[in-house]
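Trainee: If you scroll down you'll find the structure; I have some questions about it.
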């Protein structure tokens, strides 16, 4: 469970288990387009309306700013790891080389859960916007209601299933051609975003931002609750890091692709959220197909149809990138033998993880068939926030212990204090009456981080790209991810606990035994390949 791998082993020894290599065809603009395309269609069309109506009100754009800052800090941590370990495993590989196999597996399983559920939810929202593109006001009109099934699971969506299966077969064919398709759709999508923003501001009223109950009808608490939910909108950027084996010049391409896409999308999200709230008072925003309904409310039915068509296109682009990323995660987890090894195979002619793509496509289509968006959206956020929290911890530990050769106790103590203070701050926030805890725990976090920065040196060799002003960005990322997690409902934690128990049982009953046998087999093969086994054993031990 605690066994760690070196970056060299991840890049060479473990990667060879896939058979053929993935083909390096992607350039920096491909990566930016994939990052933008992966994020744009998901959040703004799926979460903005419900969050504005039920949580943040007209200040939903502030929720996007807070979530964007947290996503940017997390993306910095991801970028440094992806440059140093340019493999397709993303957070799974980063945590496996830092904290060991089980932590990497737990994060990887949560990322896969988040991808599958979010892709299923987004595929169902595709049906809603497609209805509005054809002028149909009822978003459930193309779904088949089955009496006798539980509420939330009783409306079968065959359009969503068809979309997921079509994209799955596209991704099986070629990554580069899928990237070109995404580039074209993303270019149209940004033009379409510009249309919504300009038309929204031209035909809306600034008075809608303060009517009927002010900019923040539920106070700062509503704004932060909304930030935790719209964090779902930023999921797509981490899928960019899973393409590290398929890009040219990773040290330059990865930082531009990951950080650049987060900046672009954050700005567009805020403008889109403002445009929606300017057009319609927040308490009149529709929870389904919000933008199409907003244009119809101001009398522009034709614009509502255009919005439905454009949103459908954006959702297709987002699904394409997310499904691209989820297959790479499963492929690398299969290389580690934590799941059956046939999922790790790369097809020699297409250079894509064919088995993983097909398997996850079928899982996504099955869930998209019957599961409503509201059931999965918060469990998606909690899984994502947890993984980003772990990656920020791993970056600090790697830089100050594994690379700088400092003793681990000071760094582990610092990480424990930061997390504890973040939890204390969150509890004070939840209790409402204990306002004294907010400046107390916030002040402790700043003092502890400054003390750690000046007492524990970061002496590692110069890297091709590293996060500036360490450890501050990673420490703030840890705090924000913990705080945003605590704003989610208790039901989300209960569902997440059930999922965590299931994946832990799978690891104990299958994963740990499979990886152990794979390493034993690898050692025997290595010994048999050299004339002097004792020399090879010595090298392996080292």
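Note: Cβ is positioned from N, Cα and C throughout, glycine not excepted.
Quick paste from TrEMBL:
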TRANSMEM  28-49  transmembrane segment
TRANSMEM  61-81  transmembrane segment
TRANSMEM  93-113  transmembrane segment
TRANSMEM  156-173  transmembrane segment
TRANSMEM  180-201  transmembrane segment
TRANSMEM  302-324  transmembrane segment
TRANSMEM  352-370  transmembrane segment
TRANSMEM  375-397  transmembrane segment
TRANSMEM  409-429  transmembrane segment
TRANSMEM  436-454  transmembrane segment
DOMAIN    465-514  domain 'Cationic amino acid transporter C-terminal'
TRANSMEM  466-484  transmembrane segment
TRANSMEM  496-516  transmembrane segment
Trainee: Averaged across the domain 'Cationic amino acid transporter C-terminal' (465-514), what pLDDT does the model get? Just tell me the whole number, please.
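Mentor: Residues in the domain 'Cationic amino acid transporter C-terminal' (465-514) carry a mean pLDDT of 86 in this prediction.
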Trainee: Suppose I define contact as three or more CB-CB distances under 8 A, residues 6 or more apart in sequence; do the transmembrane segment (28-49) and the transmembrane segment (352-370) meet it?
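Mentor: Touching, no - the transmembrane segment (28-49) and the transmembrane segment (352-370) miss the threshold of 3 or more Cβ pairs under 8 Å.
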Trainee: Below 8 Å between Cβ atoms, which of the listed ranges 61-81, 93-113, 156-173, 352-370, 436-454 makes the most pairs with the transmembrane segment (302-324)?
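Mentor: Looking at each of 61-81, 93-113, 156-173, 352-370, 436-454 in turn, the most contacts to the transmembrane segment (302-324) are made by 156-173.
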Trainee: What are the helix, strand and coil residue counts for the domain 'Cationic amino acid transporter C-terminal' (465-514) according to DSSP?
Mentor: 40 helix, 0 strand, 10 coil
Trainee: Would you kindly list the residues that approach the transmembrane segment (61-81) from elsewhere in its chain, counting only those six or more residues past its ends and only Cβ-Cβ distances under 8 Å?
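Mentor: Distant contacts of the transmembrane segment (61-81): 51, 55, 90-91, 94, 216, 223-224, 226-231, 233-234, 237-238, 241, 254-255, 258-259, 262-263, 265-266, 269-271, 273-274, 277, 388, 391-392, 394-395, 398, 463, 465-467, 473-474, 476-477, 480-481, 484.
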